[in-house]
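Asks: Before anything else, here's the structure in question.
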Amino acid sequence: MSSNTVAQFATELKMPANVLLEQLRSAGVDLNSVDDAVTDSDKAKLLDSLRRAHGATEGKKITLTRRQTSEIRQADATGRSRTIQVEVRKKRVFVKRDPSEIALEQARADAAASDAAPAEPAPAAAEPSASAPVTAPVNAPAADAPQAPATAAPDTAAPAAETPSQPPAVEPQPAPVAQAEPEPQPEPVAKPAEAPAEPAAPAAVEAHAEREAEQAPPEPAVQAEIETAPAPAAESAQAARPEPVTPKAEPAPAASKPARAEGRRGAPVPVAAPAVDSAGREEARRAAEAEAAALREMLNRPRKVLRAPEPEAGALSGTLHKPAGKAAAPGAKKDAKPGAGGSKKTIKTAEVASTWSDDASRKKPADTKSAAPSRDGWRAGGKGGKGGRNSRNQQAERRHEPAPQEFIAREVHVPETISVADLAHKMSVKAAEVIKQLMKLGQMVTINQVLDQETAMIVVEELGHVAIAAKLDDPEAFLDETPVASEAEALPRAPVVTVMGHVDHGKTSLLDYIRRAKVASGEAGGITQHIGAYHVETARGVVTFLDTPGHEAFTAMRARGAKATDIVILVVAADDGVMPQTREAIHHAKAGGVPLVVAVNKIDKPEANPERVKQELVAEEVVPEEYGGDVPFVPVSAKTGAGIDDLLENVLLQAEILELTAPVEAPAKGLVIEARLDKGRGPVATILVQSGTLKRGDVVLAGASFGRVRAMVDENGKQIQEAGPSIPVEIQGLTEVPAAGDELIALADERKAREIALFRQGKFRDVKLARQQAAKLESMFDNLGEGTQTLPLIVKTDVQGSQEALVASLTKLSTDEVRVQVVHAAVGGISESDINLAIASNAVVIGFNVRAEQSAKKLAESNGIDVRYYNIIYDAVDEVKAAMSGMLAPEKKEEVIGLVEVREVYSISRIGNVAGCMVLDGLVRRDSQIRLLRNNVVHWTGHLDSLRRFKDDVKEVKSGFDCGLTLRGSNDIQVGDQLEVFEIKEIARTL
C-alpha cells in the first residue's frame with residue numbers, strides 16, 4: 001500500500017501521526033500538517049535522520065515472502081474431474097553480517113590461502129557437517145547471535161553469495177547477505193534486529209523501510225552487489241549442506257576458493273574479538289551513509305519488471321536437490337583450483353534465478369500428485385528474483401495460467417435422446433456451458449435432464465460444433481456382430497410339424513395316437529387351449545410336433561405355430577368338412593410358405609365323406625395330388641390308427657425334399673412357443689430350438705427378458721443338460737415371462753444381454769405409453785356419446801398365449817353402448833395387488849386356469865369384488881357376454897290394454913271435469929297412461945288422476961263396466977271422446 005500523506009504513513013507504521021510529523025520536521029522535511037503529502041525522498045530523509053540519531057544500526061534481516069496460487073484437476077470417487085485451488089507460500093530470510101567481522105575473516109582467509117592451496121579439494125556435495133559453526137564477533141549485534149547458527153543449518157536450501165570480481169557500480173559498501181532458516185509463520189516478518197549497546201530506533205520506521213526495499217524492483221547492478229559480496233561465513237554455512245555447482249566461465253579471485261574449500265572440509269573458522277575503537281565506528285557510519293544513499297537512489301528509480309537471465313544450455317546439469325548435481329560437483333571443484341587463472345565458475349545469480357524459475361515449472365506436476373506443497377519446492381528459488389513480492393506473484397500467476405487452447409470443432413453424433421451431461425462430454429466442454437447455452441435459448445434444465453435430438457443439435461451448433469443426427473444407440477446391433485452360425489457345420493435336423501385345423505376335428509387325438517399318450521383326455525372340455533410341443537422318435541427318424549388350438553380365439557397362437565414350423569398337417573374332419581378355422585389355417589400356411597399335408601380324420605364314422613372334403617379344399621385352392629396338385633391327402637382315423645403310418649411317411653418325404661439342416665456346434669437360437677409364471681419355479685418358457693445347441697447355464701435373451709438357464713426339462717418332465725435343433729424344451733431362470741413368439745438367442749456376455757433387454761423394455765414402454773395416449777384420445781371421442789357403459793375386467797391366465805387369446809376375444813365383445821375395458825392382463829395366480837386394483841377400478845377379476853391366493857380371497861370377499869374362475873374359454877366369453885347384455889339399456893315397448901268411451905261429463909267445483917265412461921275393450925288401470933282420441937285424432941296424452949266405480953276408488957275396471965275418471969292436468973273432455981289405455985313394458989336386450 002502506498003502512503004501519500006503523513007496520516008496514511010503513520011497508519012502504515014502504526015504510530016501516532018503527530019509523533020511522525022515531529023520526526024519528519026526534525027529530519028529537515030518541510031511539512032505543516034498530517035494531511036501533507038510525503039514523497040519517497042522525504043521517507044529517505046527520515047530514515048537517514050533516524051540512523052544518524054541512533055547510530056549506524058542497519059537492518060540485519062530481510063524477509064522475502066512469495067505466494068503462488070494454482071489449480072489442479074483431480075478425479076473424485078465418481079470419476080468426474082474437479083478443480084482444486086492450491087496455494088504455495090515460500091519465505092526466505094536474509095541476514096546481513098557486520099562489515100568489521102567480514103573484513104577480519106577475509107584477512108584471515110587470505111592469510112590461510114597459501115596453506116589451503118596444496119590441499120586436495122573436498123567434494124562440493126559433501127555430507128552436511130555441523131563442525132563449522134559461525135560465531136558472531138564481539139562487536140556483532142546481540143540479535144545476530146541466534147541467526148548465525150541458523151545459517152549453518154543442514155536444510156538451508158538457497159546458495160550463498162560468492163566473492164565479487166569487481167566492486168559494485170552503485171553501492172561502494174558491500175552488503176553481505178547470508179540465508180537463514182525460514183520462519184515458521186506464513187506471514188512475512190520484516191523487523192530488523194537492533195544492537196543492545198546502541199539506542200533503539202523506532203521499529204515501525206525500520207520495518208517500513210524494509211518493506212519499501214522489498215517492493216522496489218532493484219537494478220541488476222544492485223542485485224549483483226547484494227548477491228556477490230564477499231561472505232566467508234556464508235561459505236562456511238554452505239559447507240554444512242550439499243550444494244551441486246556447475247562450472248561457468250567467470251573470473252574470480254583465487255584466494256576465495258581455498259577459503260571456501262577449507263570451510264567445506266569442516267575446518268572451524270577462528271573468530272577473534274577485535275577491540276571496538278573509534279575508527280571502526282567511523283567506518284560503520286560511513287557504510288551506513290553509503291547504504292542509505294543507495295536506498296534513496298533505489299527508491300527514486302522508476303519501477304520496472306526485470307526478468308532473470310536465462311541459463312545457458314547445458315550450464316545447469318541439476319538442481320539443488322537433484323542427485324545429478326552431485327556427480328558434476330567434484331569435477332567443477334577440480335577445475336576451480338587456485339592455479340587455474342583462466343578457469344570458469346558458476347555464477348550463483350544465474351544459477352539460482354534459473355532454479356527459482358524452474359521451480360515454478362516443476363511445481364505444476366508436483367501439485368497434481370499432492371495438494372500439499374513439497375518440502376523442497378519453496379527452497380529451490382534464489383536471490384535473483386524479479387523486483388518486489390507483488391511483481392513476482394504476478395509473474396508466477398502469469399506462468400501458471402493455463403495456456404488458451406485452440407478451439408476444436410468436433411463432429412458430435414446426437415442420438416434421439418441425450419442428457420445434458422452426456423452432451424457436454426461429447427463436446428468436451430463443461431456441463432455449465434451447455435446449461436448456459438440452453439438458458440440463452442429460454443430453456444431451464446438440470447445436468448441430468450434429457451434433451452430431445454432437435455434441441456441437442458441446436459445447442460451443438462450454437463457452441464460451434466458440427467451436429468450429426470445419429471441413429472438410436474441400439475445395442476441390438478451387437479447381435480449382428482455375433483459369430484454367424486453358418487460358420488459352423490450344418491447338419492440334418494428333424495422337421496418341425498404343426499398340426500392345425502378347426503376345433504374338435506381331432507388334432508390332439510391324432511397326436512395322441514402318434515405319441516401313444518393320453519393327452520386329449522386331460523384337456524379341459526376336451527379342447528386344446530395351449531400349444532403343445534412334442535418330439536416323437538419314429539422308425540423313420542425324429543419328428544417334432546406342435547399342437548395348436550383350433551378355437552377362433554387362438555388366431556395369434558396358430559400364426560406363431562405356422563411361423564416356427566417346417567410342415568403343416570391340416571386336419572379336416574370327414575364328417576364336418578371345411579370350417580372357418582380350417583380356412584384360417586390354410587391362409588397361415590400359405591403366408592408362411594409352408595408345405596401342407598392334409599389329414600382327413602374320422603373316416604371310421606358312418607357319415608364320413610372324404611370326397612366332399614376334397615371338393616371343399618379345392619375351392620380353397622388346396623389341390624390334392626390325384627387332381628394334379630402338390631398337396632398329399634391322407635385319410636386317417638385317430639381312433640383306430642388307420643393311415644397314421646402313411647401320414648408320417650408323407651411328412652418325412654416332405655422333410656426330405658426340403659433338406660432341413662441346422663448348425664449344431666453354435667450358440668443356440670430358438671423361438672418362445674409358450675410362456676407362463678409358475679408359483680414355485682418363476683417364469684417358465686417353452687422354447688423350440690431352431691439352430692445351435694442350448695445348454696444348461698447359458699445366458700439367453702428372449703424379447704425384453706434375459707437370464708441364465710437354471711433348469712431345462714423336456715415335454716415329459718425329465719431334466720436334460722442340452723437341447724439341439726428342432727427339440728422343444730422348457731427352461732427356467734428368465735427375469736420375467738417373455739411374450740410368446742419372441743426370438744430366443746444365447747449370448748456369451750450377461751452384461752450385454754441385460755443391456756439389450758433393458759433397451760427393449762424401454763422401447764416397449766414408449767410404445768405402450770404412445771398406445772395408451774392414442775387410446776385415451778379415441779375413448780374421449782367415444783365417450784362423448786351418452787349412455788356408453790364400461791365393463792372393467794382384470795384377466796389372469798396360466799400361460800401367455802391364453803391371456804392373449806382371452807383378452808382378444810373379450811375385447812371383440814365391445815359395442816357402441818357397452819365397452820369391455822381390460823384394466824390389467826397378466827400371467828400367474830390372482831394376487832392381493834390384483835384385488836386392490838379391482839377395488840380401485842371396480843373391475844371383475846377373471847381367472848383362467850388359475851386361482852386366487854388365500855389373502856387375495858379374503859380381501860375380495862371383504863370388499864365385494866367378483867372373482868370368477870374358468871378353464872374353458874367358451875364359458876368365460878359367454879358369461880362376460882351375458883354380463884354385458886345386462887348392462888344394455890332395456891328396450892321399451894308400448895302395449896294397448898283397453899279402450900274407454902266418454903258417455904257423460906260432469907263439472908264439479910274444486911275438482912274439475914269428471915268423465916262418466918264405459919269400458920269398451922280390455923281394462924283400465926289406475927296407473928295406466930291415457931291417450932285422448934277426438935275424431936280418431938290424438939288430442940292429449942297423459943296419466944289418469946283418479947279412477948272410481950260408484951263412490952269407491954278402484955285399481956282397475958274391466959270391459960263392460962262403467963266408471964268415473966279424471967285426467968291429470970287436463971279438463972278438456974267432451975262427450976263422445978275415446979280414451980286409449982296403454983302401458984310401456986321394458987324388454988331386456990341381448991348382444
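Just so you know, the numbers here start at 1 and follow the chain as drawn.
Even glycines carry a Cβ here, placed using N, Cα and C.
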Asks: Have a look at 601-604, 629-632, 677-680, 941-944 and point to the one annotated region 'G4' in Swiss-Prot.
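Replies: Per Swiss-Prot, the stretch marked region 'G4' is 601-604.
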Asks: What range among 521-525, 526-530, 721-725, 951-955 does Swiss-Prot describe as region 'G2'?
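Replies: That would be 526-530, the stretch labelled region 'G2' in Swiss-Prot.
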Asks: Between the candidate ranges 501-508, 605-612, where does Swiss-Prot place the region 'G1' annotation?
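Replies: Spelled out, Swiss-Prot records region 'G1' over residues 501-508, not the other listed ranges.
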Asks: By a Cβ-Cβ criterion of under 8 Å, what residues six or more beyond either terminus of the region 'G4' (601-604) are in contact with it?
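Replies: Beyond its ends, the region 'G4' (601-604) has Cβ neighbours at 505-506, 509-510, 571-576, 610, 635-640, 642-643.
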Asks: From the DSSP assignment alone, can you count helix, strand and coil residues within the region 'G1' (501-508)?
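Replies: DSSP classes over the region 'G1' (501-508) add up to 2 helix, 1 strand, 5 coil.
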Asks: Tell me, how many other CB atoms lie within 10 A of the CB of K507 (GTP binding site), whichever protein chain they belong to?
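Replies: If we count other Cβ atoms within 10 Å of K507 (GTP binding site), we arrive at 31.
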Asks: Taking all residues of the region 'G3' (547-550) together, what is their mean pLDDT?
Replies: 64
Asks: Return the count of C-beta atoms lying within 10 angstroms of the C-beta of G501 (GTP binding site), excluding that atom itself.
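Replies: Other Cβ atoms found within 10 Å: 29.
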Asks: Identify, in sequence order, the residues in the chain of I603 (GTP binding site) that are 6 or more apart from it along the sequence and have a CB within less than 8 Å of its CB; answer 'none' if there are none.
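Replies: In sequence order, A574, P610, P635, V636, S637, A642, G643 meet the Cβ cut-off.
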